[in-house]
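Inspection log for the structure reproduced underneath, given as structure tokens.
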Amino acid sequence: MARRSLLVGFGGFLPDRVVTNDELAARLETSDEWIKTRTGITRRHIAGPQDTATSMGAAAARKALEYAGLTAADIDAVIVGTSTPDQAFPATAVRIQAELGMAQGFAFDIAAACSGFIFALATADSFIRSGQARNVLVIGSEVYSRIVDWSDRGTCVLFGDGAGAVVLSGTDEAGKAGLLSTHLHSDGTAGDLLYVDGAVGRRDMSGHLKMSGRDVFRHAVAKLSSSVDEALEAEGLSYSDVSWLVPHQANIRIIEGVGKKLGLPPERVVVTVDRHANTSAASIPLALDEAVRDGRIKKGDLVLMEALGGGLTWGSALARL
Ligand code: UT7
């Protein structure tokens with residue numbers, strides 16, 4: 001029996017400060033009505049001065065470890081999906097290691113924008129399957145409030161801050177549970193549709209997020225649709241086998257489109273975009289954490305995760321809880 005990765009721990013962290021659409025409408029030419037109907041978003045959490053990708057990621061990781069009944073001493077690797085690290089280096093994952101008191105194992109970040117969690121999950125799974133790690137913390141942690149242009153109504157209303165974490169644990173025992181497959185893609189030729197204009201290597205640029213919303217929307221609908229087909233076909237499964245869709249939370253219209261394609265009733269689609277907005281790499285683990293803890297997702301359920309983000313990057317992960 002080949003080694004498989006079980007999802008054994010879930011955790012999330014959201015900053016205290018909640019910003020409503022009305023609060024944004026008080027200082028920008030926008031409205032609660034526009035934001036709600038175009039995106040499904042009603043509010044978002046915004047980081048306070050003390051919140052960083054490291055502090056939020058560590059908070060989510062502690063909760064995931066507690067859920068799994070493990071301690072940091074049991075962890076062999078920390079992999080973080082983030083586009084908003086505290087520093088160019090050390091990686092956020094290494095800083096989180098330090099917060100958890102870990103001097104063992106290895107830790108690094110993955111830059112795949114909103115697909116960061118799926119890419120991190122796939123990477124962690126590879127280490128587990130190859131026997132290089134047994135327990136891996138997979139984290140998505142983002143402070144997009146620090147890279148959006150707060151004067152650009154076309155982008156700043158879409159994002160929020162937060163972190164989510166999952167503990168993956170390898171098993172050699174027979175069974176159906178675990179991460180069944182992951183599928184990753186990127187298309188570098190579409191990089192200019194969604195990007196951050198500069199970073200520490202290009203301080204001459206603004207450092208702000210830029211997006212061609214309509215084009216990204218079109219890509220998201222087409223690529224996420226083919227992504228879910230690819231995931232199910234690889235496992236010989238059909239739409240009716242899926243218990244839950246846990247999608248990246250960018251826009252309710254994209255989420256509902258994929259849900260409809262799968263023939264899933266809305267109550268089988270985990271939605272947080274209404275309350276969290278788009279938290280990029282944190283959105284899937286935050287949604288997973290919420291739905292596992294409130295009892296919606298149960299042991300044995302087949303969960304389909306998918307995401308698309310800057311790069312363009314996109315992909316899916318299929319797991320039996
Ligand atoms: O997580 C990474 C992946 N990201 C995504 O998947 C996001 C994909 N894109 C989208 O979700 C949507 O394209 C948006 C929500 C970003 C925009 O929705 P849209 O229905 O595509 O609107 P639009 O960009 O075509 O803009 C429609 C109008 C424009 O006005 P005109 O040119 O028609 O006069 C915009 O200037 O809405 C205007 N607009 C706004 N109005 C009020 C843009 N932003 C706002 C705003 N408030 N915040």
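Each residue's number is its place along the chain shown, starting with 1.
Even glycines carry a Cβ here, placed using N, Cα and C.
Remember, it's a predicted structure, so these values are computed and weren't measured experimentally.
Feature annotation from TrEMBL assigns domain 'Beta-ketoacyl-[acyl-carrier-protein] synthase III N-terminal' to 108-188.
In the three-state DSSP scheme, CYS114 (active site) is classed as helix. What TrEMBL records for CYS114 (among others) is active site.
According to TrEMBL, the feature domain 'Beta-ketoacyl-[acyl-carrier-protein] synthase III C-terminal' maps to 232-320.
Sequence annotations record features per position, and here TrEMBL assigns active site to HIS248 (among others). Annotation note: HIS248 (active site) sits in a coil segment as assigned by DSSP. The 10 Å shell around the Cβ of HIS248 (active site) contains 33 further Cβ atoms across the protein chains shown.
Taking Cβ pairs closer than 8 Å, the region 'ACP-binding' (249-253) reaches residues 38-41, 114, 158, 217, 220, 271-274, 276-279, 283-284, 286-287, 308 in its own chain, all 6 or more past its ends. Positions annotated as region 'ACP-binding' by TrEMBL: 249-253.
There are 24 other Cβ atoms within 10 Å of the Cβ belonging to ASN278 (active site). Annotation source TrEMBL lists active site at ASN278 (among others).
On a Cα basis, ASN278 (active site) lies 8 Å away from HIS248 (active site). On the backbone, the CA of ASN278 (active site) and the CA of CYS114 (active site) stand 9 Å apart. Sorting the domain 'Beta-ketoacyl-[acyl-carrier-protein] synthase III N-terminal' (108-188) by DSSP state (H, G, I as helix; E, B as strand; all else coil) yields 25 helix, 33 strand, 23 coil.
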